[in-house]
Amino acid sequence: MKECNVALVIDGQTLKYALSCDLKQEFLELCLVCRVVICCRVSPMQKAEIVECVTQATGAVTLAIGDGANDVAMIQKSHVGVGISGVEGLQAACASDYSIAQFRYLKRLLLVHGAWNYSRITKLILYSFYKNVCLYVIELWFAIYSGWSGQILFERWTIGLYNVMFTALPPFALGLFDKVCSAETMLKYPQLYKPSQDAKLFNVKVFWVWILNALSHSVWLFWLPMLMTRESVWSDGKTSDYLFLGNIVYTYVVVTVCLKAGLITNSWTWMTHASIWGSIAMWFVFMVIYSNFWPTIMLAPIFLGMDRMVFSTIVFWLGLLLIPITTLLPDILLTIVHNTVFKSLTEAVRESEIRRYDPENVIRESKTSLSETARLLRSVFTRRANTRVETELELSHGYAFSQEEGGAVPQSVVIRAYDTNLPKPEGN
């Protein structure tokens, strides 16, 4: 429904009739085409009913903000409630999702923290699914390869510590420290909030793209090491076993998953570096210590000497350099193409910040390109409209009694010709 540059002002007494069963749908349609709707002198239940009607009719995410007890019902009906703690008490603040001291803080709450947290939470969710699918689907490939023998590829404690230790820090870094752009830029250019409203970063399509990406990575991370060590015979005459293959695959998975977190990071901080490189180093340190537990500590006898077996193999180090890069190469190429050819406004502004350019130029170029596109579309539709009008003028209409049939001046132009800015006459 097209929005018009019109405001609607309605009081509580009139709103009671507008929200009746007979007029509710027409009233909602009228509200949706207005640029702003102001409801004054309304009761708390009417506030809540308005929010509920808009939510049910449009399916949009609603935000309600209030500072008193009469706003509690409205805040609770909305998806996001913001309470202002002030002279009218703390009832609204206690019933809301977020509490601010003054109304002017709403701008920073939405444009800065709202956009940041939307980007962070989407990456956190998608990355968590990705890293788990990437590891545990490998057990499926190994089950197929081993003829459904029931043997697992990885040692049990390493499986349990995957989400607890070795890949736990990158999600924290993405969810706490990642920033789309600086706070000053987000406040200065509200256009950067648009992706959050359009849900471009998290939807069904994006989710399944991440799942398919994780499945493809699991294929590479299992079958490439399998082909590398399939018929290997070492210098001492020994051959590899399933646990040797499992530790090599596990190492490549940890490295690839951590590097994937770096690939989707917008802002690199010391915490980001520590989470990515520290997680990789943590696995190597754990492997050295865990391989020497037994018999001092009666734990994991099958893991004894595994560090020396793996680290003394040139195939392992060669694969450590090639396999994670090979696995992530399509992601790197797609990121390069996206940031070069299909660059969004947010990415362009972030790039200008990194290069210490003025983001104003990027915003201006974006507006120019949009204006040029709008101008071209307007010219096309204007030509079509003129053709349609010429065709209609050739036809005979029997219903236009208010003006001459086939007249050149539409009735709407005649109505707009009256001056509506004249002062209203006062009665005696």
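Using the three backbone atoms N, Cα and C, a Cβ is placed for every residue, glycine included.
Not measured: the values here are computed from a predicted model.
Residues or ranges marked as ATP binding site by TrEMBL: ARG41, LYS47, ASN70, ASP71. Feature annotation from TrEMBL assigns Mg(2+) binding site to ASP67, ASP71. Marked as domain 'P-type ATPase C-terminal' by TrEMBL: 93-343. TrEMBL lists 129-148, 160-181, 202-223, 243-263, 275-294, 314-337 with the feature transmembrane segment.
Projection of TrEMBL feature records onto the structure.
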| residue | record | DSSP class |
| --- | --- | --- |
| ARG41 | ATP binding site | coil |
| LYS47 | ATP binding site | helix |
| ASP67 | Mg(2+) binding site | coil |
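Ranking 129-148, 160-181, 202-223, 275-294, 314-337 by CB pairs under 8 A with the transmembrane segment (243-263) puts 314-337 at the top. Model confidence over the domain 'P-type ATPase C-terminal' (93-343) is summarised by a mean pLDDT of 91. When the binding-site residues ASP67, ASP71 are compared by the number of other CB atoms within 10 angstroms of each CB, ASP67 has the fewest. Long-range neighbours of the transmembrane segment (160-181) within the same chain, counting only residues 6 or more positions beyond its ends whose Cβ lies under 8 Å from a Cβ of the stretch, are 115-116, 119-121, 123-124, 127-128, 131-132, 135, 192, 254, 257-258, 261, 264-267, 269, 271-272, 274-276, 278-279, 282-283, 286, 346, 349-350, 353, 359. Around ARG41 (ATP binding site), the same-chain residues at least 6 positions away in sequence with a Cβ under 8 Å from its Cβ are ASP11, GLY12, GLN13. The Cβ centroid of ARG41, LYS47, ASN70, ASP71 marks the ATP site; residues of that chain outside this set whose Cβ lies within 8 Å of it are VAL42, SER43, PRO44, GLN46, GLY66, GLY68, MET74, given in sequence order.
Most Cβ neighbours within 10 Å among the binding-site residues LYS47, ASN70: this distinction goes to LYS47. In this entry, ARG41, LYS47, ASN70, ASP71 make up the residues listed for ATP, with the farthest two CA atoms of the set 13 Å from each other.
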